[in-house]
Structure formats: structure tokens, C-alpha cells
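Here's the structure we're looking at; comments come further down.
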């Protein structure tokens, strides 16, 4: 497969660095010089600057101060560092909020916010767009030829919603365009005759509100789409200015940490306007989940971000080299975990390891957030040594830059599907757990070290051998037909209970569930039984089934009551009034097969099911050797090279028998012994010949 090349043509090294906020220390000029010394010690070669610097750059309206930034840009270049320069729109100045209150967001209760925190701005506001355009243009013109500049970082962690009059009118315009200015089309799409909610004109429509209209699911869904649309439109506004002046400088925006998968912005919509994907990675290590479980959750998001640009390496723009200050418990990373967590990103496709932030703030809300340089101000800390070790390892990985992977497996996680599931009134109000369900299916492949993409339902299915679509409640137009074509041409589809229920407007399909998936799955889903937490049913695997599975498994939370309409029954329910009904089926369709899992299950079932499926389909693993529990392997490659990352997500030393494989350690340059040892929370990176 091809090599994508480096993120910037200016630098052919793995990027290692941090968000750098020198303006916090502008009254202590000796700090800047000390920062440079420490950056060299830690093998730092890139810093992200200016993310929250609007007030420092424009202390009064129309009065600009770039001298300090000039000095920083020159200082970084002189000392061999590159700069990712941010636009400062993530946090606006106080003067703007007071002079132009329309730039402040309005909450869902229709009360305008006071000035405070960050992200407290309206993306629709013409004033806000005007003011950011001025400063973006000045930044681009001033630094377009600066040798340190390698990337634009637009704003910071886009999130949030605004319900001001400007946004409500923009929402109405969005709806007018979507429904061809025909209010009758909207009424049909939203099923407004229920409860007498029919609209006579677009002017009557208000955004969802707890004290207004929260019950029209079509309205709620279109509002979430609008939020993404308006956020993206704002991003494009900033991007257009930078691209006009610096067309050859790549542009990104940093996506939020994995909690963003439950939030209101569909990152797939940004794909056409990103030169590189970047995201902020903040795992919950050493918590209630085991570290290998947490590792699989983070792997899920890494693989999603890699898939957004079709396999192109991404950037881990932020991470903590230690603890955070906003997670419920700020548990320190155990020895080795920082290196493991950092290199896991590289294993899944990142060409950078970056931190928030370089030096701990002395005050304000993130003064206790982990950073490379602690309040002590020197290099003699455990965290600094860990960061330095990461930098040393990255300096040996130049050949890994631009490599990727071509997975045979894809798991569908779709934001619009999540919004629709979360909004549905039933079959359980709580614990629908769409993300958790998708992640559990993903984990079964991660546990086998089978490379996997995480995609949405609009992606191309044809390049995969297996597409897994858990809880595909919403099926947008054309998706059912494309899945049929995928299976017909030899692909394997796995879907589950509560799939094929509604269309893109959250209107239920008529003619039987799973709607557009009914034909390809060869089943009819008649009812869905929602169980209480303490309830349990059991599923018994049929003797002599085509997957060769055996045994009995628990069924909890959801049990779909399905009928075979041509599909092979692989397992049946063991108890309750639906005893004997199918619980797992396989339908031969064209050259491929479609599996339907009718019940929510535990890791044991998914592990056994996907292990059997992987064996049947001879799915490629990162490396074809037995790996001990707790070890995950990922692979990156191009036409010339293949690199395998062995990662130990356990607190115990592990030994791997590499058989007769010819492996060279990328860090030491030595040939790997037949018995390869990996220390607790350790990583080994090898080149395979």
C-alpha cells in the first residue's frame, strides 16, 4: 500500500511536542529560555501556539500586539522547533463579550450566557465571524513565510450549541433548504399530525427546548444535524481565509476526546475540509475498567480518526503526560503507561505525540492538569523522564511516517444513528448503550489483533471482508441497498437487534423489521423484549452449526423475537415464552453471508463468535503468532516496510514466542530473540522482513 508522506513537507520526523502557552509567562522572560533548554532535553520538535491567545494578540478592539508571538516564532525556529499556529477563536476576549453581547451563546432555556470559560460564543454571529476573520488574516499574512510554521490549528475542540435568535433563524433557513421550502414535506418527515403539532410555516418552528418542544424526534434529529452544519460552516469560514493566503500550509482542527462520540458534532462532515485529522486523547487508565479494556476503547477512537481520511495518518494533538484535573479521579499513570499510551496512538496511525500542556499553569482552572514541566520547573521528575523516553523512541521511527494499514474489518459507528437511538422513547429509556455496544464488537477483533476500521454508514463497504453494524437503528437511503450489494459480492455482514427500525427522519419502516435489512438478513423481527437489569435469559447454540460454535450464553437487556425467512438458525433462546425462537442466524445471500445477533450479550459470546468467524474467513491479524492475554499488536506498512507494535496492557511481564519470524527492534536496531519479552506496560516496535 502507498505511503502518505509526512504531515508537512518541512519536517520528515515524527512530531513530538505540546501546546505551548508562553504568554502565561511573559512577565518572567527567563522562563522562555529555560523552556527551550528543556525542549531539547525531551526531544521536543513541535509546539502548538496561540490557541487561547486572542486577548494577548488583540488586547483592545482593533489594537494588535504580535511582537511577543514574533519572538516565540523566531525562538522556536532558531532552536530547531516547528510551530503549529492556532487561530484564537476557542476563547474570545472580555471586551468583545461586553461590547457585542450577541457573540455570547444562548442556552437551551433561552437565557443568554454571561462571559466566562471558553467555547462561549455563537458560531452564527456575524460580529464574531467578522472579528475572527480580521485576526486570522493578520496571522496568515504575518507568518505565511515563516520557516517554523508547518500547520494551522483552527480554534479548539469544537463543541456546544447556541439557541439565540440568529441561530434559530439560521436553523429555519437550514430546514427551508432541506425540505425545498415546502412545509408539508417537513410535516410528513416529522410526523407532526401526532399530538396536533402540524406547522403552517417555517417561521413557526423553534429549536428543541425543555420548556417547549422536546418530543418531535424529527425536529431533534434535524437540530443536531444543524448544529454540525453550523459548526462546520464556521470552521470553513476560518479555513477559507487561511487557504486563501497560505494554500500550501495544511489545516486541521483538534477533535475532542472520546467522550465526543456522545456529543453533538458529526466529525465525518469535516472530512472534505481537513488536510489531516487530529484529536485529543485522554484515557481513563487504571480505573474501573481493566487497562486492556480501556486500551480497546482508545483503539476504537484512534481507528475512527484514521478512517475519516480513508487511512491517512492522523495527529494526536493533545494528551496528558500524567493525570488530568477534570476526570473524577486524577490517578497517576503507573510506570511505563505514559510510553505505552503515547505509542499506542502511533501504532494505530498517528504521526505525532503531543501533550496539553508544555508547562503547568500557575493559576486558573487547569493548574493541576498534567504537563511536561511541573511547577518545580526542572527536568528531574518522573513525568519529564517519561516524556523524554517517548521522544527518544520517536526519533528512531522516521521510517514509520506516512505508513498505514488496510483493515479487512470495519465496525459502523454513526453519529446520526447515535442521536436517533438516544432520543428514542423505548424500548429502554436508559442503557441503550450504542457506543458501548459498538466498542464491544470492536474489542473482539482488537483482542485478536485484527486491524479494524471504525466507519459510518456512508462509507465504502466494498474494500472490507467483514462489516459489523451493531444496533443500526437508522438506515439512511441507499445504505440497505449498498449492504445488499456488499454481501452479494462476497462480503460478510454482522448486524444485531434493533437494526433497520427507522429511516433518516426517524420514521419507522413499514412491512416488518429490520426494514431495508430484512432481505439480506433473511429474518423478520417481530418484537423486542427489554429486560430489567437483574433479568437473564440464555441462548443455546445449535449442534452442527456452520460456524462450529458450541455452548450456552447469557442474554441480557435486549432480546429480539425473530423468525427465520430463509436464514440458518445457529442458536435459539432457552427460556421464557420465546424459548426455541432464533437468537443467532446466518443468511446466505449471493456470494456472501449476513449474520443477525438477536440478543445483547457479553464479551464471552462476542469473543467466541468473532473468533469462529475470523477462522472461517481467514482474517488477517497484525502478526500471525499466538499472543498472551493483555498483549495487543497493531501493524503499519507501505510498499517497502512492515512495522508491528506489540503492546502490553497488563501489569505483568509477558513473553512472546515469535517462531521463526525475522524481526528487528526499531529502537535498538538488534534482531529480536525467539523469546521476546515485554515489560509491564511495555512496548516493542519491530520491523518485519
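Heads up, the Cβ atoms here are built off N, Cα and C, so glycines get one too.
Taken from Swiss-Prot, the feature active site, proton donor covers 157, and the record attributes it to similarity to another entry. Under DSSP, residue 157 (active site, proton donor) is assigned to coil, being neither helix nor strand in the three-state scheme.
Taken from Swiss-Prot, the feature active site, nucleophile applies to 318. According to its DSSP assignment, residue 318 (active site, nucleophile) is in a strand. Taking the Cβ of residue 318 (active site, nucleophile) as reference, residues of its chain lying under 8 Å away and at least six apart in sequence are, in sequence order, 19, 254, 280, 281, 282, 354, 355, 356.
Secondary structure at residue 368 (substrate binding site), taken from DSSP and collapsed to helix, strand or coil, is coil. Annotation for residue 368 (substrate binding site): spatial neighbours 325, 330, 360, criterion Cβ-Cβ under 8 Å with sequence separation of six or more. Per Swiss-Prot, the feature substrate binding site maps to 118, 156, 326, 366, 367, 368, 369.
The secondary structure of residue 164 (Zn(2+) binding site), as reduced to three states from DSSP, is coil rather than helix or strand. Annotation source Swiss-Prot lists Zn(2+) binding site at 122, 162, 164, 167, citing similarity to another entry.
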Alpha-carbon spacing, residue 157 (active site, proton donor) to residue 326 (substrate binding site), which is rounded to whole Å: 15
Nearest-integer angstrom distance between the alpha carbons (Cα) of residue 118 (substrate binding site) and residue 162 (Zn(2+) binding site): 14
Shell of the Zn(2+) site beyond 122, 162, 164, 167, same chain only (C-beta within 8 angstroms of their C-beta centre): 105, 106, 123, 124, 125, 161, 163, 165, 166, 168
Inter-residue Cα distance where the pair is residue 162 (Zn(2+) binding site) and residue 367 (substrate binding site), in Å: 29
Neighbour-count leader, CB within 10 A, binding-site residues: 162, 164, 167: 162
Least surrounded among the binding-site residues, given as 118, 367, 369, when other CB atoms within 10 Å are counted: 367
